[in-house]
Amino acid sequence: MLSQHENLGLFYRELYRSKFKAAIAAGTARPLVLPFDLVGSFILPALYLCIPHTRRPWLYRMRFAVMALVIYLNLAMIGCTSSANVAVAYGAGLLGGWGIIWTMMLLIWTRPQFEAARVERRPRRPKTVANGNGAVSGAGVETQGKATAPDERVSKVLDEYEYYWQSYPADGSFLTRLDWVTDLLTAFRGSGWNWAISSIPHFQRPVNPHSGELVKLDTIPLVTRSGYTRFRTYSSFLRDRLWRIALSYLALDFCSVSMMKDPYFILGPDGPHRHPLPPHLAALSDPLLQAWRSALSLLGIICAIHLVFSLDQLCRTIPIPVTLGPRADLWHYPSTFGSFANVPRRGLAGFWGAWWHQTFRAAFTAPAAWLARRGLLPRSPANSAAAGLVAFLLSGALHAAGAATAGIVATTTSPSPSSSSLAFFLLSWVGVVAQAAWGAGPAPALLLLLPRGRWRRWVSGAANVAFVGLWLHFTRWALVDDLSRSAIWLFEPVPASPLRALGLGRPGDSWWRWDRDLSPRWYVGRRWWETGITL
């Protein structure tokens, strides 16, 4: 084993793995085990929603008991679950936190069995119209033609199938209900549902979700106001996703190799005080060093999101389109991020509310939407700020849960990851509110001093981008410090490293990054239900 002076990242990666295995042997921690650790986040909510309750008020009231059990199971998992794989260790907390937030939306803040409907496909039914003699003609009326198809896959099946809005199939078989519920539980952005978030391309919603009306296929845009785009052809979709995967892969390799040369990304803010910086970083002034760390961490996060989401979309659309049915259609998978033009146009609010991936938006905004539907949160600047506060609190709590499960292991050499992730998102909310107040007050008066036209737009846009960059840079510590203490940057993000193959890594670094500890394997727990596949 190399010493920490030769390869700091490899030393602490092995140290954390040894500590985790010792914690398992002592019974103070356990690995993430499937399917057991999916019970609170997925299996229990799915089973409850598979039982029709629209005509059983007593069963509908049971959702509060189910929700309480979901909270208990997920909090218990967050308290003792981790992994030798630092990404899975962090992901265990995200799974538990998201299980609570998402189930709360589906059971408390919304009523899926009463109100939700999804786009589904069925064999085309012949349409009949009455002729002049009052008789029925079987010629039919075309309501969905190839000219209205949103993409080429839909166009190929419209001769035999039609798309309609499917509400909860209360009278269907258990497997039919399970298919509907599984789609609901995994549609985080609501793609293909009548509650889809406004950021992504979506069809015009049905007037009545229970009518089974046909989908107006020509109502889904190619680009939304937030800049989320979709593709009409598989060739253009494939080129875009493969390009993003390749670019993200190389960028992640660069980020990982660079981070492993900086003690900050290995041990957190205390790392540089305990281990000397390499010469190329020691030569930088402190402002430049902090700017470098901000840029590197932001690049790593963005590329990781692009890589994971692009791979997921490829898996859903290319190899198994037959089994997924309409869930493999291209319109289901718009871009991960919106247009960056939202940032110069709207500042920090545009960064978080439009450009940044909106995967969790529906759940984060659900409490405020529930209050608004009941007239308890009328539209006003103050109430909008309150709704934003709730959303940022939930986001902070979600990321703090990830830091908590990672911190079960990564505590040997630095303080345990704390709730500073929560502070980062609260500070982001403060920035959004402060910028909105500035935009409603002094900013317009100052812009009037400039010539009309492009100058005002350019100055306003540049000021917004500068504010976002500076705000994120000076609040970055709250999130990235947590990620560093959580050892998340020690994760090997790509299986093979071109840069390490060129000799740009640390001593002892192999070009092949993934080892046995990153592979799924069978685990026998202390109790029978804790036995399964561990990550």
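Each Cβ is built from the backbone N, Cα and C atoms, and glycine gets one as well.
Automatic prediction, not curation, is the source of TrEMBL annotations.
As recorded in TrEMBL, the features of this protein are as follows:
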DOMAIN    333-426  domain 'Wax synthase'
TRANSMEM  32-51  transmembrane segment
TRANSMEM  63-84  transmembrane segment
TRANSMEM  90-109  transmembrane segment
TRANSMEM  242-260  transmembrane segment
TRANSMEM  291-309  transmembrane segment
TRANSMEM  386-410  transmembrane segment
TRANSMEM  422-450  transmembrane segment
Any contact, the transmembrane segment (386-410) to the transmembrane segment (32-51), with at least 3 Cβ pairs under 8 A: no
Three-state composition of the domain 'Wax synthase' (333-426), taking helix and strand from DSSP: 60 helix, 0 strand, 34 coil
The transmembrane segment (242-260) and the transmembrane segment (90-109) contact flag, 3+ Cβ pairs under 8 angstroms: no
Whether the transmembrane segment (32-51) meets the transmembrane segment (291-309): three or more C-beta pairs under 8 angstroms: no
Residues from the same chain, set at least six apart from the ends of the transmembrane segment (291-309), whose C-beta lies under 8 A from its own: 244-245, 247-249, 251-252, 255-256, 258-259, 262, 264-265, 281, 284, 336-337, 357, 472-473, 476, 480, 483, 489, 493
Tertiary contacts of the transmembrane segment (90-109), as residues 6+ beyond its ends and Cβ separation under 8 Å: 32, 37, 40-42, 45, 48-49, 63-64, 66-67, 70-71, 73-75, 77-78, 81-83, 184-185, 188, 360, 362-364, 366-367, 369-370, 394, 397-406, 483, 486, 488
Taken over the domain 'Wax synthase' (333-426), the model's mean pLDDT: 89
